[in-house]
Amino acid sequence: MKIRNYWNLRDLGASVWEKANRPKRVVIATSSIFLVGLLPFAGASFLATPIAAYDAVLVYPVGVFILMALGLNIVVGKSGMLDLGYVAFFAIGAYTMALMGTHTGLNTWEIMPFGIGFAMLAGVLLGLPTLRLRGDYLAIVTLGFGEIVRLVVLNSTWSKGPNGIANIPMPPDIGPFKFKLEDQKVFFWVVVIMILLVIWMIRRLSIRRPGRAWEAIRQDEDAAELMGVATLKYKIWSFTLGAAVGGAAGVLYASKNLFIAPEMFTLNVSILILSCVVFGGIGNIWGVVVGATILGYLPDRIRFISDARLLVFGAVLVVVMNFRPDGLLPRKKREKAIVKSEVNA
Amino acid sequence: MNKNFQRSLAVISAVALAFGAVSASSAQAAVKTYSIAYQGPLSGGEASTGIDEINAVKYAVKLFNAANKGFNIKVVAVDDQGDPAVASVVAPGTGANKKIIGLVGPAYSGATIASLPYYKAGGLPLISPSATRVSLTKSDSPDFGYPVFHRVVATDDKQGPALAKYATKGVSAAKVFVFDDQSAYAVPLRGYVEAAMPKVSGASLVGGGDSVPNTTTDFSPTIAKIKTSGANVVIYTGYYSQAAIFVKQLRDSGSTAVFAGGDGVFNQQFAVLAGAAAEGSRLTGVAGLADVGAKEEAAFKKSMGISSGVYAVESFNAANIFLSGIKAGKTTRAAMLKWVTNYKGVGLGGAVLSFLPNGDIATGGFSGFTITNGLLKNTGPVK
Amino acid sequence: MFAVLIDQFWSLTIAGVALGFIYVLISLGYTMVYGVLRMINFANSEIFMWGTFGTIITNRDIFHYTQISEPATGLKLGIVLISSLLMSMFVAGLTAVLVEFVAYRRLRAKGTNRLATLISAIGVSICLQEIMRLLTDSRPVGSPRVLEKIILTEVWGANIRLDTVITIIAAAIIYFLLERFIKLSRMGKAIRAVSQNEDAAKLMGVNLNRVITTTFLVGGLATGAASFFYVTVFEYSKYNIGFTMGMAAFTAAVLGGIGNIRGAFFGGLTLGLLEVYASAVLGTQWKAVTVFIVLVLVLLFKPNGLFGEAVQQTRA
């Protein structure tokens with residue numbers, strides 16, 4: 001039992017956090033955020049990625065994957081609904097940025113609310129009719145939705161079809177922080193701030209009514225309904241919040257990439273993000289962060305084995321799932337303990 | 001046992017991958033070492049194109065290094081999988097790596113557009129052997145690649161009319177059905193073919209065309225449309241593997257309409273995959289190394305171990321423009337860019353290589369090929 | 001808009017039915033596994049892709065047909081077709097059993113969450129696809145023509161071709177045999193028992209592991225048969241064909257009511273026809289969109305699929 005605990009980073013982390021008092025916690029939190037913020041400077045270390053620029057990899061795939069995985073985790077991890085069409089919200093955010101950025105004079109931060117709004121709207125529109133479905137049926141309907149969004153974009157002229165949209169404006173500088181193409185540190189810091197915001201939002205919600213409702217729905221939807229939980233309402237909320245995060249990630253991605261095309265929004269992205277969630281530890285924020293970091297970073301780190309890297313990626317998925325089916329950092333069997341201590345704190 | 005083996009294998013590979021050394025650059029003495037890069041799909045579904053191209057680049061470099069003892073030129077392989085999403089991850093690193101003074105590529109237009117901002121910022125001169133999208137050299141387009149982007153291949157708006165003419169050649173009262181594969185290459189090309197069709201005397205477009213996702217293998221609805229429209233010429237603007245499946249089904253359905261395709265179909269593999277059904281198909285493309293001469297092709301095969309592939313001549317010529325620049329002492333990006341912009345020379349196959357101000361190749365066009373006895377037979381430039 | 005549909009209705013219908021039968025066989029692979037495990041066998045599409053190479057290898061490397069050789073006739077034709085059918089079924093069946101062993105068995109023994117199993121299956125399908133990609137150099141692989149595509153007759157303006165007829169008849173026979181197997185054999189009964197109630201079946205002395213392996217095997221065999229028809233009709237394969245076909249077949253399985261063998265039959269045929277008609281009317285670029293919209297509508301109004309019995313409430 002003791003040996004197991006040694007490996008159990010989740011409990012280790014939780015116990016350090018729980019034992020700490022408020023000032024200590026502030027120190028832990030700020031110093032870890034500071035350390036993360038320093039990551040782009042570690043490009044010359046063993047972390048360096050061959051061919052791909054290290055700071056660019058930190059923004060996309062790593063940062064954007066974390067953001068999206070956190071959003072998907074609200075849907076899949078918190079309320080237990082299998083969503084295979086998450087890329088649709090990412091695409092909606094990205095296309096909002098691309099179209100508004102090239103046609104209106106608005107900048108990235110002004111477009112951000114629109115991107116989030118459209119993604120949420122799509123979430124509600126999709127959620128209202130389909131969230132009555134469960135399990136695999138929901139999975140295939142969401143999958144279909146993801147493909148529909150991509151195909152509509154591909155077959156339409158307003159989106160310039162398969163050619164994609166180029167010359168999307170970069171975000172305006174924030175004071176002394178300038179967005180540059182060759183050096184993407186500022187992008188990374190922006191992603192980190194967005195990730196922190198999302199984490200903060202999820203943690204607030206988790207210990208309040210929606211979080212409890214999601215937990216109940218995840219464990220037994222019928223029982224939850226019977227106990228007076230407005231299941232459909234909370235499911236739509238969960239879906240829409242997930243969509244909002246996906247939309248925000250899309251806006252940022254388009255503004256960072258400067259060019260988007262429909263081929264960037266295939267089902268593979270949905271599956272990859274879902275893999276991040278499950279690989280890291282479904283339902284556990286830190287697990288999801290770890291999972292997305294590894295799965296985003298690994299393929300670029302192992303570029304030197306070039307053609308076989310996807311094979312290795314697949315093998316890693318199989319091996320980890322077989323030996324740690326709840327992910328690298330699994331959530332606790334019952335989240336009650338965490339919830340209680342947080343309320344008391 | 002098996003599981004233990006699996007586990008240890010996984011651990012070993014993970015550790016090796018995570019911490020393995022990436023590259024070790026050793027210092028070169030006395031020999032002048034420079035790097036040029038090649039960017040294109042070297043893994044993933046489009047890898048065959050990129051591998052064909054980089055082989056030609058490596059071949060050019062090999063010849064150069066052998067002929068010029070004082071130089072050691074290296075080829076940096078930049079793998080973008082032909083995917084704009086991947087390109088925007090690899091391009092920043094390539095753009096920032098000042099050791100690279102010239103880049104052959106990117107191979108695909110979408111990946112080029114995604115990479116361009118980084119190369120413009122880094123001032124890295126590009127010569128693409130195969131990115132044919134018109135907007136890349138159009139000054140009022142958001143994709144305009146000036147000043148860094150150049151290409152040694154003619155554009156789709158030149159190919160469209162050529163394909164329209166070549167497909168309908170000798171067909172009286174040609175009724176033409178055009179369809180694409182929904183890709184960023186095929187859809188615009190189809191547009192140029194359709195736009196050129198009214199200018200071809202006697203030819204008319206019929207049936208409204210179609211757009212078939214490039215994962216489709218069952219073309220029966222498209223064939224039904226062709227039959228309803230009564231077309232006697234069918235033009236496909238997509239790639240060779242789908243074209244091969246399609247033309248087989250077209251022939252099996254009893255249709256004798258002329259089949260034609262662009263440089264996406266222009267590939268010996270098309271004839272191999274489609275067998276007898278490909279016979280008589282008309283393709284537009286640019287002559288390959290084997291067309292330049294059997295001797296050149298044999299030398300290539302001897303040196304590289306495999307036959308040359310698509311865009312071998314273009315990739316070879318593009319690499320040679322950079323290599324001649326290095327020989328002339330243009331060893332910074334700025335000097336190289338100037339060299340490329342003002343370059344005038346004759347490439348392999350007698351093509352005159354020089355660039356217009358917008359980066360397009362000044363001369364060059366498309367040749368017509370007809371499949372005869374399973375081989376691509378060059379019938380000369382389409383005029 | 002409807003001109004093509006009216007003009008070529010019967011050729012489209014025949015093509016749709018032939019395609020539909022290929023879908024029927026692949027969706028059996030999904031539906032059988034789902035019936036027993038209540039899980040999507042995500043790797044089934046790659047099992048199909050591997051199966052296609054069984055036929056290609058038989059034609060090309062065992063019987064030495066080439067792209068330019070004459071098609072087979074008479075007895076030889078029968079022998080070649082049957083051996084490539086068996087080879088495809090063997091390859092796909094073996095792959096399916098392997099998938100079960102690598103991706104599912106250990107996780108099932110642990111009784112862990114369904115998502116982990118799903119990701120594990122996704123991992124296996126990435127591996128299967130990548131191995132084939134590396135083996136074939138990412139290039140498409142053509143199959144030599146063994147069966148000459150003779151136009152037998154013309155009915156209502158539609159050509160009836162030999163390969164279409166063989167596909168429809170043989171696929172129907174294979175489907176029928178499988179259905180009998182599930183209905184009547186001892187193993188088939190065990191499969192159905194496990195599908196209805198795993199614990200009760202175990203109590204009644206059913207060897208669960210064996211039943212599940214057999215289910216994967218039978219699903220793999222059906223999928224392998226589909227691979228054979230696919231190659232015989234299209235004479236082509238590539239490492240990435242699995243995804244599109246698998247997606248369509250999975251949709252067909254859901255459309256018919258997943259977990260239900262007869263549902264796979266009707267679902268497959270419906271989907272084949274739907275795809276062909278939609279392509280003819282709206283243009284092929286809208287095919288997938290139409291299919292998904294129909295699927296969503298069906299699921300909204302008949303949540304267990306068109307032909308599904310309302311028995312399963314999917315376990316969360």
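Just so you know, glycine gets a Cβ as well, placed from its N, Cα and C.
Look at TrEMBL and you will find A:26-52 (among others) tagged as transmembrane segment.
Residues or ranges marked as transmembrane segment by TrEMBL: A:58-77 (among others). If you look at the transmembrane segment (A:58-77), the same-chain residues 6 or more away from its ends with a CB under 8 A from one of its CBs are 39-40, 83, 86, 89-90, 184, 187-188, 191-192, 194-195, 198-199, 202, 214, 238-239, 241-246, 248-249, 252-253, 256-257, 272-274, 276-278, 280, 282-285, 288-289, 291-293, 295-297, 299-300, 331.
Per TrEMBL, the feature transmembrane segment maps to A:84-105 (among others).
Taken from TrEMBL, the feature transmembrane segment covers A:111-128 (among others). Through the fold, the transmembrane segment (A:111-128) approaches residues 88-89, 92-94, 96-97, 100-101, 142, 145, 149, 235-236, 239-240, 242-244, 246-248, 250-252 of its own chain, all at least 6 residues removed from its boundaries and within a Cβ separation under 8 Å.
Per TrEMBL, the feature transmembrane segment maps to A:186-202 (among others). Through the fold, the transmembrane segment (A:186-202) approaches residues 33, 36-37, 39-40, 55, 58-59, 63-64, 66-67, 70-71, 73-74, 78, 171, 174, 177-180, 241, 245, 248-249, 252, 256, 285, 289 of its own chain, all at least 6 residues removed from its boundaries and within a Cβ separation under 8 Å.
Outside the transmembrane segment (A:236-255), and at least 6 residues removed from its termini, the chain residues within Cβ reach (under 8 Å) are 60, 64, 67-68, 70-75, 78-79, 81, 83, 86-98, 101, 108, 111-112, 115-120, 122-124, 126-128, 131, 168-171, 187, 190-191, 194, 198, 201, 205, 210, 214. Residues or ranges marked as transmembrane segment in TrEMBL: A:236-255 (among others).
Residues annotated as transmembrane segment in TrEMBL: A:267-297 (among others).
Sequence-distant contacts of the transmembrane segment (A:304-323) (same chain, six or more residues past either end, CB-CB distance under 8 Å): 50, 275, 278-279, 295, 298. If you look up TrEMBL, you'll see A:304-323 (among others) marked as transmembrane segment.
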